[in-house]
Amino acid sequence: MDPEFGVGTASRKRASWRTTLLLAYQSLGVVYGDLSISPLYVYKSTFAEDITHSETNEEIYGALSFVFWTLTLIPLIKYVTIVLRADDNGEGGTFALYSLICRHANVSLLPNRQVADEELSTYKLEYPPEVAQRSRVKEWMEKHKKLHTALLVMVMIGTCMVIGDGVLTPAISVFSAVSGLELSLSKDQHEYAVIPITCAILVFLFALQHYGTHRVGFLFAPIVLSWLLCMSAIGLYNIIHWNPHVYQALNPSYMITFLKKTRKSGWMSLGGILLCMTGSEAMFADLGHFSYSAIQLAFTSLVYPSLILGYMGQAAYLSKHHNFDASYQIGFYIAVPESVRWPVLVLAILASVVGSQAIISGTFSIINQSQSLSCFPRVKVVHTSDKIHGQIYIPEVNWMLMILCIAVTVGFRNTKHMGNASGLAVITVMLVTTCLMSVVIMLCWHRSPLLALAFFLFFGSIEALYFSASLIKFLEGAWVPILLSLILLAVMFVWHHVTIKKYEYDMHNKVTLEWLLALGDKLGMVRVPGIGLVYTDLTSGVPANFSRFVTNLPAFHRVLVFVCVKSVPVPHVLPAERYLVGRVGPPGHCSYRCIVRYGYRDVHQDVDSFETELVESLATFIKLDALFRCSDAGEPRDSSCYERENALTVIGSNPLRRHLGYDDSHDGVSSSAYETRADADSVNGIELAAAPAPAIKKQVRFAVESRSPGVDERVLEELRELCEAREAGTAFILGHSHVQTKPGSSVLKKLAVGVGYNFLRRNCRGPDVALRVPPASLLEVGMVYVL
């Protein structure tokens, strides 16, 4: 055995453990802020009105037993042990599960899918297609198109409830933390102090979103860590001082006794107990920022024991205190020793702000993912950090969340109604995760359907019990997340439906390649200097917006590029695999196709780097196209090389930037290729070995030599034209669409498409903002879609 190898392995293992410990520490501030502050309001919501705290202590012991087993079964066993393993290339969340399912079964409703997408390095499957056995469940899901829609609607419902949680969690967290003032103020003073202070903190919190969290993010983990240690210490003190035998309440028999005594009221009070799980979904959703081992270590070693000690401490104190002046004093602060109450109050407020920040950031993230998958109207996404991936800010969403948070706080004014609303949102997301996870177990992990059914029935029945307890409180606050979700679901479904129909309309009305080639022979048609980037959703053919453009303005650019910016069902696409470049027509026509692929968590490039990389990719493609077309014949390019001019060759261009000085070596070229005609969905591709891309400079980074051995003069001429066109400027040609319904359409379709979609289109960001197109270089072509 090589001694150096052994030393290197040992040092990597030590570094790995150090990295895991550091990530576990950092995850406290990002992942566990929401979950760690739940003791502020769980008992308060549970004992709000449904049940009373009697001298027998059966209610408080039963509530503690429910809390303990709920935290054990759902966050610990379901999420930490099972769900966290269903990551999508390290990413988690609702869209990660949906992405996994779509890759293992043909159930995706996303347009412009290509066979070449399956060659992405992040497009990994649990088992190769030739090894994996055909599943009857898979065939059944692929056969019924309605199941595809039902699956997407389920994902949308989960997304809507996460957004609803982004409204409710900051309100109940900050309100519950500030409510600690009730023990130091009179009832009148309390009513006039808590609401304004809560609203002021919420305004301050949302106003800071513009600056990003990376500047103060280093404070989040210490705050949550201090809060967890403080809560544990207080809980341990209460257990020892008031009731050392409170641990007996962890016996599941106390749950049965609780339900027997309280009956319907006890069942309804479960809507408050389920709040102890608030934030559990964040462990899975934020998996991409950390690692499975780090999140597992932080939860099992610190968060879970601290929460159990906190809840047991409250129960120990309440078991010896029954006569309170007001029922709202059954909460966290009543069990805090008076000597440390003020410091704990300040720490609780800080922890509630951190927990609220986590759910707000999560809301921004899931809306960005929805937008990338054409399930949400276009909004402006601002990246607040160049170094930290995923730090984004969406102005429109931020201010809407703030207004709704303040409205919920002022409208409800108590923990009970806020808890009912928040609980329904939390448990609905968990139910969606359980359903999707059951499908993942069958399709992706290739486990027995009986195992998936057992998972669904066991965890689904627990969550269904809590869901029913929350839903019964519809008039007592639970209507808020339902109303928000219905509105958001309608918006998302209409936007996605019309987007798909517009794509089908474009596919039906695209023009042929022969029409494009014939334009050059028409009298009066002019090729002007520069590069024309025609944006389209099509991956083949010539889009109708370009034909409309040249019909009204008989001129187009010397270098023409049809650009398709598309999302693929993976979280990230490596920069080396982002661009697929192909030729449209013969080389002399100088027309190309560029397909730019992004994952649902990827950051879209700014226009300068995109333009530079595009020109580099075209230059690389031009030379490689000449190499591979004529390599077999070993002769200079002649007309015989172009007899298949309708074929389209697509390559991953970025790995070859190191060859842009024109090193003729091409050892990294793979022999695998994909070949179809230009009008097909997938196009001919050459897969290249991935390599790190060098830093991008804002200039044309390829040299055109006057004489280069082995390079045809026509290739050099084509490269010169590309260089001159780049220097002449670039124009971005986009379609400006208006949608109308066909005559005789139903009233519902007219309202959804003609009114709803057009309202969203007019009041949301245009495609030029989403694609970051400079206004001075923008050309819009009016398009009317009749659906």
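Placement of Cβ uses the backbone N, Cα and C atoms for every residue, glycine included.
If you look up TrEMBL, you'll see 23-517 marked as domain 'K+ potassium transporter integral membrane'. Sequence annotations record features per position, and here TrEMBL assigns domain 'K+ potassium transporter C-terminal' to 529-786. Summarising the annotation, TrEMBL assigns transmembrane segment to 21-40, 60-77, 150-172, 192-211, 218-240, 267-285, 297-317, 342-367, 388-412, 424-443, 450-472, 478-498.
Among residues of the same chain six or more beyond the transmembrane segment (424-443), those with a C-beta under 8 A of the stretch's C-beta atoms are 74, 78, 82-83, 86, 94, 97-98, 100-101, 104-105, 135, 137-138, 141, 151, 154-155, 157-158, 161-162, 164-165, 168, 271, 274-275, 277-278, 280-281, 284, 449, 451-453, 455-456, 459-460, 463-464, 466-467, 470-471, 473, 478, 481-482, 485.
When the stretches 60-77, 192-211, 218-240, 478-498 are ranked by Cβ pairs under 8 Å to the transmembrane segment (150-172), first place goes to 478-498. Long-range Cβ contacts of the transmembrane segment (60-77) within its own chain (Cβ-Cβ under 8 Å, at least 6 residues beyond either end) map to 35, 42-43, 46-47, 53, 246, 248-252, 254-255, 257-259, 261-262, 266, 269-270, 273-274, 276-277, 280, 283, 299-300, 304, 307-308, 311-312, 315, 318-319, 430, 459, 462-463, 466. Remote same-chain partners of the transmembrane segment (267-285), defined as residues 6 or more beyond its termini with a Cβ less than 8 Å from a stretch Cβ, comprise 31-36, 38-39, 41-48, 50-51, 63, 66-67, 70-71, 74-75, 79-80, 83-84, 92-94, 96, 162, 169, 259, 295, 299, 307, 311, 355, 358-359, 362, 365-366, 416, 419-420, 422-424, 426-427, 429-430, 433, 465-466, 468-470, 472-473, 478.
Within the chain, the transmembrane segment (21-40) has long-range Cβ neighbours (under 8 A, six or more residues past its boundaries) at 75, 169, 173, 176-177, 217, 219-225, 227-228, 231, 275-280, 282-283, 286, 289-291, 294-295, 297-299, 301-303, 306-307, 310-311, 314, 331-332, 348, 351-352, 354-359, 361.
Mean pLDDT across the domain 'K+ potassium transporter C-terminal' (529-786) comes to 71 in this model.
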